[in-house]
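What TrEMBL records for ARG47, GLY77, ASP98, SER145 is S-adenosyl-L-methionine binding site. Taken from TrEMBL, the feature Mg(2+) binding site applies to GLU146, GLU149, HIS150. For 260-284, the entry in TrEMBL reads region 'Disordered'. Feature annotation from TrEMBL assigns compositional bias 'Polar residues' to 274-284.
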Amino acid sequence: MFTVKRLFSTSHPSVDSKEIKKFQLLAHKWWDEEGEYSALHSMNDIRVPFIRDTLLNMSSNYHLGNPLSGVKILDVGCGGGLLSEPLGRLGASVTGIDPLEDNIRTADQHKSFDPVLAKRIQYKSSSLEEIVEESMETFDVIVASEVVEHVADLEMFIKCCSQVLKPEGSLFITTINKTQLSYVLGIVVAEKIMGIVPEGTHEWEKFVPPEELERLLESNGFSVKTVNGMLYNPLSGSWSWMESTSINYAMHAVKSGARGQSSPTDALSELESEQPSATAGTAV
């Protein structure tokens, strides 16, 4: 335990200072559904059910009103809370972290409008490395959506995820493949021509092929269970699943655990008698 703390306490190698400056300018824009983050708002239509249904398929017990009740989720790079909030409405206990204080301020302010979310979600201006120091094997689920293409050290990022995730816990990642097509659509079209996201948001060199991500996960104690292609339609502003992973993709991996150990998804039923379903929001 001591050696792990020493390893992660001296620096924040996964945080890229250039990325921080880039997103600082947009910190107040997160909840503008027609603005720079509109594609992330509509991505919730497929990423939230993907997370929810994957977890429910791994568990035998859950609340109809609060299907993720009792599940502890870490939302890494939470931004303004666009994904943390719908996960909280599904009953999960969510910790959202982001190294940019202005993002956390925006997320906290928006959460305060809903008393249910105020109880279920906590936000911290923190790097993943700082969370490692205080939360060893704490979380049932980690979500890193549209994050890994912005980190400075991807393998260190994955190692940190493993440190704070319980054995047999789930890691969900969405990101962009490193292909010619992703360069044309993700940067030339999305940034330079259509302005779907601000110019300079992405660097093609930091895009991650699914094969590379899978290799890094497998070599750090994860078993990759699912890889699904994702397609954004800029005309309708909607996302859909597709077989090809040549542009965007979602991945689900499970951290290896000791044989005979109960799965963290059993947490779905642990608090059954304590969680009132009347206060739950509807599934997204």
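Every residue gets a Cβ built from N, Cα and C, even glycine.
Values in this document were obtained by computation on a predicted structure and should not be read as measured data.
Shown on the structure are the features that TrEMBL records.
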residue: ARG47; record: S-adenosyl-L-methionine binding site; Cβ within 10 Å: 24
residue: GLY77; record: S-adenosyl-L-methionine binding site; Cβ within 10 Å: 26
residue: ASP98; record: S-adenosyl-L-methionine binding site; Cβ within 10 Å: 27
residue: SER145; record: S-adenosyl-L-methionine binding site; Cβ within 10 Å: 23
residue: GLU146; record: Mg(2+) binding site; Cβ within 10 Å: 22
residue: GLU149; record: Mg(2+) binding site; Cβ within 10 Å: 22
residue: HIS150; record: Mg(2+) binding site; Cβ within 10 Å: 21
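Here the candidates are the binding-site residues ARG47, GLY77, ASP98. The one whose C-alpha lies nearest to that of GLU146 (Mg(2+) binding site) is GLY77.
A Cα-Cα distance of 11 Å separates GLU149 (Mg(2+) binding site) from GLY77 (S-adenosyl-L-methionine binding site). Taking the mean position of the Cβ atoms of GLU146, GLU149, HIS150 as the Mg(2+) site, the remaining same-chain residues with a Cβ inside 8 Å of that point are GLY77, VAL147, VAL148, VAL151, THR175, ILE176, HIS202, LYS206. Taking the C-alpha positions, the distance from GLY77 (S-adenosyl-L-methionine binding site) to HIS150 (Mg(2+) binding site) comes to 10 Å.
Across the fold, the C-alpha of ASP98 (S-adenosyl-L-methionine binding site) and the C-alpha of HIS150 (Mg(2+) binding site) stand 12 Å from each other.
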